[in-house]
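Peer 1: The signal peptide annotation in Swiss-Prot covers 1-18. According to Swiss-Prot, the N6-succinyllysine annotation covers K94, K296, on the basis of similarity to another entry. Taken from Swiss-Prot, the feature N-linked glycosylation site applies to N120, N125. Sequence annotations record features per position, and here Swiss-Prot assigns phosphoserine to S141 based on a large-scale study or a structure entry. Among the features that Swiss-Prot reports, N6-acetyllysine is placed at K207, K319, with the record citing similarity to another entry. Residues or ranges marked as motif 'Prevents secretion from ER' by Swiss-Prot: 415-418.
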Amino acid sequence: MRSLLLLSAFCLLEAALAAEVKKPAAAAAPGTAEKLSPKAATLAERSAGLAFSLYQAMAKDQAVENILVSPVVVASSLGLVSLGGKATTASQAKAVLSAEQLRDEEVHAGLGELLRSLSNSTARNVTWKLGSRLYGPSSVSFADDFVRSSKQHYNCEHSKINFRDKRSALQSINEWAAQTTDGKLPEVTKDVERTDGALLVNAMFFKPHWDEKFHHKMVDNRGFMVTRSYTVGVMMMHRTGLYNYYDDEKEKLQIVEMPLAHKLSSLIILMPHHVEPLERLEKLLTKEQLKIWMGKMQKKAVAISLPKGVVEVTHDLQKHLAGLGLTEAIDKNKADLSRMSGKKDLYLASVFHATAFELDTDGNPFDQDIYGREELRSPKLFYADHPFIFLVRDTQSGSLLFIGRLVRPKGDKMRDEL
């Protein structure tokens with residue numbers, strides 16, 4: 001079956017290249033990014049550590065299917081809590097980020113620099129629409145110093161909201177998210193359980209642009225096996241190229257790294273050899289283990305097939321952050337966020353982290369000349385037709401722009417598998 005799929009991909013490739021009669025323009029030169037300051041580099045490392053601990057906490061939640069979080073944005077949310085909190089409320093936020101030994105000004109300046117660097121979509125040649133807004137009850141007034149500092153470091157907006165009219169309040173939140181993401185994320189949530197505290201909302205749309213694009217004609221409808229007995233139809237895009245690749249035969253998994261345009265970041269995909277729950281792979285996944293796997297990767301010819309489309313995911317991170325140690329800020333009776341409002345009358349009721357993540361064919365022109373090379377005649381097959389884990393990694397700092405898993409893409413049921 002896989003051999004037939006590989007043959008099909010090459011037939012598509014041959015037809016696509018035949019139609020591409022013009023010699024493509026040279027690919028864009030690799031981008032440049034300013035070197036991070038020592039404090040920002042330290043926080044890049046800490047945010048990468050946070051990525052794995054948060055992912056593991058979320059993966060254990062049986063109610064969660066697809067996972068999609070931006071660790072650097074979560075780190076900024078913790079920085080915001082630290083900025084607006086006092087005493088244990090503030091120190092817990094720094095502790096979750098493993099930044100207890102850093103001075104407050106180092107944390108805020110470092111996180112601000114890191115966020116600006118990683119979300120610079122022009123330098124990275126990716127599409128990343130990002131907005132953060134702190135909603136407070138209508139009875140709360142945000143302190144001027146907090147508003148100014150949170151805008152400076154975290155580009156966070158502030159707004160009062162009246163939940164006596166919950167329908168109107170939800171509409172306001174969702175309209176802001178849609179506007180922030182140019183309509184790519186039309187809805188953050190359908191409901192808010194706790195309406196007597198502050199709501200921190202992150203709304204994002206991210207679309208990577210490949211260092212070498214997929215040909216737009218190499219797209220077709222295929223099956224994605226959610227489980228061995230449940231398959232949904234999705235659009236799949238295909239290409240063959242030279243990529244960093246490693247096949248861990250002992251642990252029965254593959255890993256491939258696909259550079260994004262300007263080569264300042266890359267998409268890394270980890271996938272078990274066969275259809276299975278991701279629990280086994282997730283138990284292996286740590287910051288250290290990822291480094292080991294990447295150290296074993298070699299440049300190889302790989303025929304890649306990926307789902308094409310948009311994944312929309314909203315998480316309320318409140319309970320997951322609480323599990324990592326952020327217990328006071330979310331407790332109405334214990335929270336001290338008095339630097340936010342000047343009064344000890346506020347707690348963090350929800351942390352909505354909403355993202356639309358699009359995989360498409362767009363990218364730099366590919367070099368047609370490589371397809372005559374001998375090494376591309378027998379490529380490794382990376383056919384992402386079952387659940388996998390993925391990361392978007394900054395090549396300079398090792399910080400993670402995103403970490404997630406795709407378990408159930410959008411699509412209609414196709415058939416039952418034996």
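Glycine residues also receive a Cβ, built from the backbone N, Cα and C atoms like all the rest.
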Peer 1: If you count CB neighbours within 10 Å, which one among the modified residues K94, K296, K319 has the smallest count?
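Peer 2: Comparing Cβ neighbour counts within 10 Å for the modified residues K94, K296, K319 gives K296.
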Peer 1: Please report the three-state DSSP label of N120 (N-linked glycosylation site).
Peer 2: coil
Peer 1: Which of the listed glycosylation sites (N120, N125) has the least company, meaning the fewest other Cβ atoms within 10 Å of its Cβ?
Peer 2: N120
Peer 1: Provide, as an integer number of angstrom, the distance between the C-alpha atoms of K319 (N6-acetyllysine) and K94 (N6-succinyllysine).
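Peer 2: K319 (N6-acetyllysine) and K94 (N6-succinyllysine) have their Cα atoms 17 Å apart.
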Peer 1: In Å, rounded, how far does the Cα of N125 (N-linked glycosylation site) sit from the Cα of K207 (N6-acetyllysine)?
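Peer 2: Just about 10 Å between their Cα atoms.
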Peer 1: Which one is it, among the recorded positions K94, N120, S141, K296, that lies nearest to K207 (N6-acetyllysine) by Cα separation?
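Peer 2: Going through K94, N120, S141, K296 one by one, the Cα closest to that of K207 (N6-acetyllysine) is N120.
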Peer 1: Taking Cα atoms as reference points, rank the recorded positions K94, N120, K296 by distance from S141 (phosphoserine) and give the first.
Peer 2: K94
Peer 1: Rank the modified residues S141, K207 by how many other Cβ atoms lie within 10 Å of each Cβ and give me the one with the fewest.
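Peer 2: Each of the modified residues S141, K207 was scored by Cβ atoms within 10 Å; lowest is S141.
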Peer 1: Return only the integer: C-alpha distance in Å from K94 (N6-succinyllysine) to K296 (N6-succinyllysine).
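Peer 2: Answer for this pair: 34 Å between alpha carbons.
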Peer 1: From the Cα of K296 (N6-succinyllysine) across to the Cα of N120 (N-linked glycosylation site), what is the distance in angstrom?
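Peer 2: So the alpha carbons of N120 (N-linked glycosylation site) and K296 (N6-succinyllysine) sit roughly 30 Å from each other.
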Peer 1: Note the mean pLDDT of the motif 'Prevents secretion from ER' (415-418), expressed as a whole number.
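Peer 2: That stretch averages a pLDDT of 53.
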